[in-house]
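**Student:** Here it is, the structure, as structure tokens.
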Amino acid sequence: EEAEKAPALLCRVDPVKYLSDVQRPPRKPTSGPRFSSKPVGLTRGIAKQPSRDGQSLALKQDLEEKLFGQHLATEVILKALTGFKNNKNPKKPLTLSLHGWAGTGKNFVSQIVAENLHPKGLKSNFVHLFVSTLHFPHEQHIKLYQDQLQRWIRGNVSACAGSVFIFDEMDKLHPGVIDAIKPFLDYYEQIDGVSYRKAIFIFLSNAGGDLITKTALDFWRAGRKREDIQLKDLEAVLSVGVFNNKHSGLWHSGLIDRNLIDYFIPFLPLEYRHVKMCVQAEMKARGSAVDEDVVTRVAEEMTFFPKDEKIYSDKGCKTVQSRLDFY
């Protein structure tokens, strides 16, 4: 089988030693991107890639057309990724921390980012997904996980400078595990002959969802539009809140202490109108005509909070697909 071809601007794949069992994450996901027994396939040439401007326009279009109710995430992610890709000599890897309740679009955005960076998206050999409860489940094995994580990242960045590493369920990660990758996120030109400056690290977490909701609710109660919420209204609160949250995966983490996370990106709770947009998009994705009666019925089946105002969907758009199956 022909190996995946690496984007010329992101990956230069050289022969590297296969990782041993101890260097691999302890278990493989049952679906989605797999942790292969070898870090990456070897390229047999370089695929022709879209221009940087073309990639940025594609990312902008995907975010604006597919992500609903997240003006901050759309703006910051587009700015961060475009700037990073246009920088021929970044001083450190790009590190993004995405925060918000379940169903607000964090995983969806990581999928969009992966697809815009590597043609195969989450199935690419150059995109690596770690799920805390699956790959790092046991607190007594933290040291083992740290060693495995360092070896996995070192091996794959050696093979592909533009590797993408996504850490899901950060709020369920045992404190200390993620600090193992701190040297790779810092401003070092090289570590043991390997440069990590073109890699991208993305953290996904429910931690801070309460702080984000409080800010959104304060704006709503003051009669202000959610689109008026700016990053400065949330980013500092988020970083401090996550740093002091024992269940954030970043509790007292050196990643925050050393300012190695470039952006804390808030995902706002979704309103009724956003849920309807999710239903419409899912119907279109299934090749069905949009039936507004069905859209309304699915949206009205969702539960909303706070108890009195009922503004925000408590599951975001997370259950839209399964609910739509009944129609």
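Quick reminder: no glycine exception, Cβ is built from N, Cα and C everywhere.
Quick paste from TrEMBL:
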REGION    20-54  region 'Disordered'
BINDING   GLY100, TRP101, ALA102, GLY103, THR104, GLY105, LYS106, ASN107  ATP binding site
DOMAIN    270-327  domain 'Torsin-1A C-terminal'
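Please go over these features one by one and say how buried each is and what sits next to it.
**Tutor:** Long-range C-beta contacts of THR104 (ATP binding site), restricted to its own chain and to partners at least six residues apart, with a cutoff below 8 Å, comprise GLY69, GLN70, PHE267, LEU268, PRO269, LEU270, GLY316, CYS317.
Broken down by DSSP into helix, strand and coil, the domain 'Torsin-1A C-terminal' (270-327) contains 29 helix, 5 strand, 24 coil.
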**Student:** Restricting to the domain 'Torsin-1A C-terminal' (270-327), report the mean pLDDT as a whole number.
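**Tutor:** Average per-residue pLDDT within the domain 'Torsin-1A C-terminal' (270-327): 95.
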**Student:** Would you list, in sequence order, the residues of this chain other than GLY100, TRP101, ALA102, GLY103, THR104, GLY105, LYS106, ASN107 that have their CB within 8 A of the centroid of the site's CB atoms, where the site is the one recorded for ATP?
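**Tutor:** These residues sit around the ATP site: PHE108, ASN206, PHE267, GLY316, LYS318.
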**Student:** Hey, what's the Cβ neighbour count for ASN107 (ATP binding site) at 10 Å?
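**Tutor:** Excluding its own Cβ, ASN107 (ATP binding site) sees 17 Cβ atoms within 10 Å.
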